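Peer 1: Straight out of TrEMBL:
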TRANSMEM  A:20-40  transmembrane segment
DOMAIN    A:257-374  domain 'ABC3 transporter permease C-terminal'
TRANSMEM  A:257-279  transmembrane segment
TRANSMEM  A:300-324  transmembrane segment
TRANSMEM  A:344-369  transmembrane segment
TRANSMEM  A:421-441  transmembrane segment
TRANSMEM  A:631-653  transmembrane segment
DOMAIN    A:632-747  domain 'ABC3 transporter permease C-terminal'
TRANSMEM  A:674-699  transmembrane segment
TRANSMEM  A:719-740  transmembrane segment
Amino acid sequence: MKYLIKKMLRDVQQNYTQFIAVFLMATISVMIYSGMASVWTGLSSTVKEEVDETNMANLYVSATNITDDDVSDIKDLEEDLEISLICKRSFNTVDGESEIEVNTVNNFDVSKFTLISGETYKEDKEGIYLDKDYAEKHNLNIGDDVYLLNAWGEEVTLTLLGTIHSPEYIYYTGAITETVPNYEKYGYGFVSNNTFLKLNSKINYTLAKITTSSEITDDMLSEILGERFVSVTKRADYTTYSRVEKEVEQMKKMATLFSLVFILLSLLTMYTSMVRLVNRQTQVIGTLKGLGVKSRQIKFHYALYGLITPLLGGLLGLLIGRLTVSKVLLNVKKTTLYLTEWKLVFSASSFILIAIIIICCSMAAVLAVRKVLKSETTDILRGNINQGRVKKELKDKYFLSNFSYEFRLAIRNMSENKVRFIMGIVGVLGGMVLMIAGLGVKDSINGSNDYVFSKQFTYEIKGILKIPGSVLEGEDGLQYLYENSVEIKTDLKDKKTILTALEDGNYYHFYDNDDNEINIKDAGVVVSRHLADELGIKAGNTISIKVNGDDSFKEIKVNAITKTLTPQGIFFSKDALEDAGIKFIPTSFLTDQKDAEYYRNLDEVKNCITREEQLNNTKTVADSVMSVVKLLLLASVMLSVVILYNLGILNYVERIRQYATMKVLGFYMKEIRSISISESIITTLIGWIFGMLIGGAFLKLYVKIISFDTFEWIAIVNLRTYIIATLVVVGVTLVVNILLNKKIKKIVMVEALKSVE
Amino acid sequence: MIELKDVKKYYQMGDSVIKAVDDISFKIMDGKCTVILGPSGSGKSTTLNLLGGMDTVTSGEILLDLEDISKYSEKELENYRREKIGFVFQFYNLIPQLTIRENVGITADMVSDSLDVDEVINAVGLEKRKNLFPQNLSGGELQRVAIARALVKNPRVLLCDEPTGALDSETGKMILKLLKETSKKHSISLIIVTHNSAIEKIADQVIRVKDGKVVSDTVNENPLEIDEVVW
């Protein structure tokens, strides 16, 4: 066996191109997948730990003025039930530059915070515990003073007692108008009840955080809280937590779907590489068999070919993935999520992937050897195996006879070597699909953003009213909106989403699937397409809705489905809302005026955001997706190069004898080149055509899968993307052809022909 | 006239030098059949490769019609092989994806004054098999295709490397007969390299080589007909 090991090492040395190709394919596939998987596995694991450590609530009950009696009654519902009451309110800093959401609690049984630095929380301590990121952003150290304006506009000085983190604030944007965290502007903190009373005249607990392993229904809580009951949110639906879950889910889908394509591509290429590698060793296999080496040993020997290279490649992929891909992705995620610790955890699926690659390669080698070993030794040595079917006589009127010999040769070569031909097509096709999908994601996100912020929204500023229902006196040209959360019930499923009702105005536009504008005043009730698909809603359907704060469901007829990309929800005209028995209470307004500062300074306005700021925020989210896509794109290009070069080299090695013969017969290099290029052109052309078609379809699926619930991205591919993808794939094919032609030119005729004889 | 003058072909193998052809000189008669005879490793195939422009000399001259091909550039050698040389291999080396007619036709297309493809195929007796692929033919038939492929270019010299080496005696004889007759018909210089001494009897000139050197160079005044040769 030791001699066979030596032989294997020398085979690797002699066929280093193919072994390196298999090695690289395994490395790239594992690197990308495991690099990303480490991040989401680590993220999930850290969040889970934080949830456990802080005893994060699994139910959030909103109500007005929750009392100690209510707490006792709720506790009586289940034995293991724990409950904490929270009162929170946002206060501006004295400089007016930022806003802190200050929490005070009746106890820390549920949803404790994690102390990062400073002293342990004590009820009698005066001061504030601030979130670490906000404190860092504002250069605040323990013992520093924090200046806030209290509810009646007086300055209150609070000492910074500690920096903290809470899993409930992993994703915290501060205001409904913001879509990405902005620690410069928004922070959160915890204070004792006494301290809170310096900021606010009273403590009104409006949120109860509950942990329980039992099922607590809305009715049970409604019975206890009566009319004060507003709503219950499960942990999975709680904004920050669900955001993390969605990000993990999105990352998983992005990586898995993309990786699936190039892993399949790699596996196919690795499989054929191994088979072709073994097939070139037919004589050696025959000799080994003739010498009496057991079939089992021969199979094992070749199985090692498929074991060692992918194993080493896979392990290197794990390492590089951890050092590069994970790091990049981690930095991206750190911009939108805050965790006390960012861990990378190797996912079991990465090891499964390596195992699949190894099994695929080893099986390929073993199956190829088995096929050879089935023949008699003498036949193997004579090369009388794998003859395939005997070709029939060609008739004179054979359709190819009108073409050049080079073309005929290329066509018959391809029909005779179907695996080689198909793999060539798959290589080009795969490269095109990955490239179109990668670049297309960027087009799609940018296109979707443009659609939303130029076609769908035409206002300049969106403002949030401090007191819902109030109006800005003396301001003309405003369009008021009523926004609230709503529970929609259909035959398919229930979902909490957003209800938006609009006064007459021209700042919010709705379009149908054919981009014809829907007049909301005429349509009355419309549902966004993505949500409609999810809930199985069609125009004309009747659905049940329960607006946040209402105690019963109402039957509503949906008149149209709109292409609206964001927000995803149900939209009413003011009249339709009131016809449905829901009061129109303005919560925000839209205007075409451009002076955001003017509106920010109005007493009635809580905060406002310009359309441009909204677009930039969306772009930040898109950038985080794009950085992942860039990684995938880079891997795709690398993989395409390796696959196409490997296939090219395999073709060259298998045809070296033919090229040498042609050289001897006096063929010019350009003639030999034209034969090899004809084949390459046909393969590339077919791969390119299918790549263009499948690329677009794959992008559609990909964009649909990675879209957030709240923002439906639409698949758009610019001409530029098709051109770049084509140039890259055709360019790689061209470079591979140039390299191979150099090799053909360098063929030593005597050696190439001697080796055969 | 083909002439080799002080031709050497040395190969470096590690520290040692292999003298495949070691200072050989001979002249080959035009339009005749010349056999280069020698055992394995004698340098006969290397000599043929040098003559065919497939390999280059270490030193010496190879003259064809007074032109020294050993001085040719890669491009000139390419033209030389294309226009002047026809090559028949021991193992045929046909292009498996082309039919018999196409294998011959593709070579005919390389030169301007080629012979008629169908006539050549008829001459080698394969008119009924011309639309078959090489895979469907026997060894003898394959070698006939190889000969047709070499002849169709109407080359100045026809080089055959062990053309009967893979064939049985009867088929071998048939191939030799074909080679001799067709080359004579088209006034092509036929050079056959072989280790089979039976073949020397049909040659007009016999050059014996051993250990890279010419041992003898004789003219056969009365070459035998193929049928008279005992294999």
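Backbone N, Cα and C atoms are what each Cβ position is placed from, and that goes for glycine too.
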Peer 1: Let me spell it out: take the transmembrane segment (A:421-441), skip the flanking residues so only those 6+ beyond its ends count, and list any with a Cβ under 8 Å from a Cβ in it.
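Peer 2: That would be 258, 261-262, 264-265, 268-269, 272, 413-415, 625-626, 629-630, 632-633, 636-637, 639-640, 643-644, 647, 651, 679-680, 683-684, 686-688, 690-692, 694-696, 698-699, 702-703, 706, 715-717, 721-722, 724-726, 728-729, 732-733.
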Peer 1: Would you kindly check A:20-40, A:300-324, A:344-369 and say which stretch has the most C-beta pairs under 8 angstroms to the transmembrane segment (A:257-279)?
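Peer 2: When the Cβ pairs under 8 Å are tallied, A:344-369 comes out ahead.
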Peer 1: Is the count of Cβ pairs under 8 Å between the transmembrane segment (A:631-653) and the transmembrane segment (A:300-324), pairs 6 or more apart in sequence, 3 or more?
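Peer 2: By the criterion, they do not touch.
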Peer 1: Helix, strand, coil: count each for the residues of the domain 'ABC3 transporter permease C-terminal' (A:632-747), based on DSSP.
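Peer 2: When I sort the residues of the domain 'ABC3 transporter permease C-terminal' (A:632-747) into the three classes, I find 99 helix, 2 strand, 15 coil.
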Peer 1: Could you pull out which residues elsewhere in the chain have a CB under 8 Å from any CB of the transmembrane segment (A:674-699), counting only those six or more residues past its ends?
Peer 2: 261, 406-407, 409-411, 413-414, 421, 424-433, 435-437, 440-441, 444, 648, 651, 655, 659, 662, 715, 717, 722, 725-726, 729-730, 733, 737, 740-741, 744
Peer 1: For the domain 'ABC3 transporter permease C-terminal' (A:257-374), would you mind checking the mean pLDDT of the predicted model?
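Peer 2: 86, rounded to a whole number.
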Peer 1: Report the DSSP secondary-structure composition of the domain 'ABC3 transporter permease C-terminal' (A:257-374) as helix, strand and coil residue counts.
Peer 2: 98 helix, 0 strand, 20 coil
